[in-house]
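Swiss-Prot has this to say about the protein:
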type: BINDING; residues: Ala6, Tyr7, Ser8, Gly9, Gly10, Leu11, Asp12, Thr13, Thr14, Gly114; note: ATP binding site
type: BINDING; residues: Tyr84, Asn120, Arg124, Ser171, Ser180, Glu253, Tyr265; note: L-citrulline binding site
type: BINDING; residues: Thr116, Asn120, Asp121; note: L-aspartate binding site
Amino acid sequence: MKIVLAYSGGLDTTVAIRWLRETFNADVTTVTVDVGQKDDFYQIEKRAYIAGAIKHYTIDAKKDFAERYISYAIKMNGLYEDIYPLSTALARPLIVEKVVEIAKKIGAEAIAHGSTSKGNDQVRFDLAVKALYPEAKIIAPARIWNMTRDKEIEYAKSKGIPIKTESSKYSIDENLWGRSIEGDIISDPSKEVPEDAFEWTKKTKDDKLKISLTFDKGLPVEVNGEKMDLLKVIQVLNELVGSRGFGRVEHLENRVVGFKSREVYEVPAALVLINSHKDLEKSTYTPLEFRFKRSLDGQWSDLVYQGLWFEPLRETIQIAGDNLNKWISGEVFIEVENGNMKILGRKGKFSPFSEEIASYNKGWYPSDEMARGFIEIFGMHSLVARKSRGI
């Protein structure tokens, strides 16, 4: 039997290599997908072979992640429950896509992953595999063996597998779009998140940072007048605004699997870009377009979070989003200081704002007759309803 394992290099998936080999008498091929995590990929490959993999692949998917996935997180203002920029959720379908490519290439009968039975990721991995490689068997060792961390360490030692046991008390998942932090005291939603949990948003600079972001058709193309591709924009902003302490998210999240969980994220570039994009949208769309786009954004975010990337509705929403975003071009001016961001102004290329109409000091004013007629018609629904109800 041939099995392809989505391999992170951590304890769970390292132990899974040997467990899969022995349990299924299988040849295990491992695939690590680089979506921007700060890992030592040489050491990960080395660890995979020592644990028993017959072949290992490291795939650089950072540019792919930015251009095909994060681009839509920006265009669709991807925020689950209006706060979480979907950093972990967004990467999972891409990881599965790359794993499936290898599985099909070598003719693997099964795909394995390290998700547990309590997490959202099992839903995202399983549904993506079913969509892209329905004939493959899905194996999630952590859902089967029910090993604690200590038991996993004991198992690895018994098999002579040198393991990386992180000194950190936190469980970290990291990619280009964000860093999620779980475990230890963070699990208690009544407790303050310790400062040692953070890495990307540790304030190392006290100055007031001003940034201009230029958008073209809904996507950022310049930072402070310097042209760069989307991957570079994200990397630059993560460093610039993260070092000023901006980009932390903490909330009680409604998981796909039926319970609430305290979640903490560091998402500096994501928040700056989404907030700026939303501001430019508001300055450009008609009121009806703006309300419609907000409803699309919410539906898109829910689908991505729930692991339904391959749901046809997601693609339909993106087509509408592309059509609306063709008008989102211009500049947004922001300021970041002491962990806070504020928008200083914006210039939308297609903004219908008219100073002549909006100014109180000059230009157009409706007549008294026009104002009275508008107000009468505008309020008619409410006034007639009150009268019919006797209130």
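Residue positions begin at 1 at the first shown residue.
Note: Cβ is positioned from N, Cα and C throughout, glycine not excepted.
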Those binding-site residues listed as Asp12, Asp121, Glu253, and which of them has the most Cβ atoms within 10 Å of its own Cβ: Asp121
Position of peak Cβ density within 10 Å, selected from the binding-site residues Ser8, Thr14, Thr116, Ser171, Ser180: Thr14
Among Tyr84, Thr116, Glu253, which are recorded as binding-site residues, the nearest neighbour of Ala6 (ATP binding site) by Cα: Thr116
Same-chain residues at least 6 apart in sequence whose Cβ lies under 8 Å from Tyr84 (L-citrulline binding site): Val249, His251, Glu253, Glu263, Tyr265, Tyr305
Cβ neighbours of Ala6 (ATP binding site) where a neighbour is any other Cβ within 10 Å: 25
Cα separation, Ser8 (ATP binding site) to Ser180 (L-citrulline binding site) (Å, whole number): 15
Alpha-carbon spacing, Asn120 (L-citrulline binding site) to Gly10 (ATP binding site), which is rounded to whole Å: 18
Integer Cα-Cα distance in angstrom, Ser171 (L-citrulline binding site) to Gly10 (ATP binding site): 10
Other same-chain residues whose Cβ falls within 8 Å of the Cβ centroid of Ala6, Tyr7, Ser8, Gly9, Gly10, Leu11, Asp12, Thr13, Thr14, Gly114, the recorded ATP site, in sequence order: Ala16
Separation of alpha carbons, Thr116 (L-aspartate binding site) and Gly10 (ATP binding site) (Å): 14
L-aspartate site shell beyond Thr116, Asn120, Asp121, criterion: Cβ within 8 Å of Cβ centroid: Ser115, Lys118, Gly119, Gln122, Val123, Arg124, Phe125, Val257
Chain-internal residues, separated by at least six, CB under 8 A from Arg124 (L-citrulline binding site): Ala89, Arg92, Pro93, Val96, Gly307, Trp309
Between Thr14 (ATP binding site) and Asp121 (L-aspartate binding site): CA-CA distance (Å): 18
Cα-nearest neighbour of Thr116 (L-aspartate binding site) within the listed binding-site residues, Ser8, Asp12, Thr14: Asp12
Cβ neighbour count within 10 Å of Gly10 (ATP binding site): 21
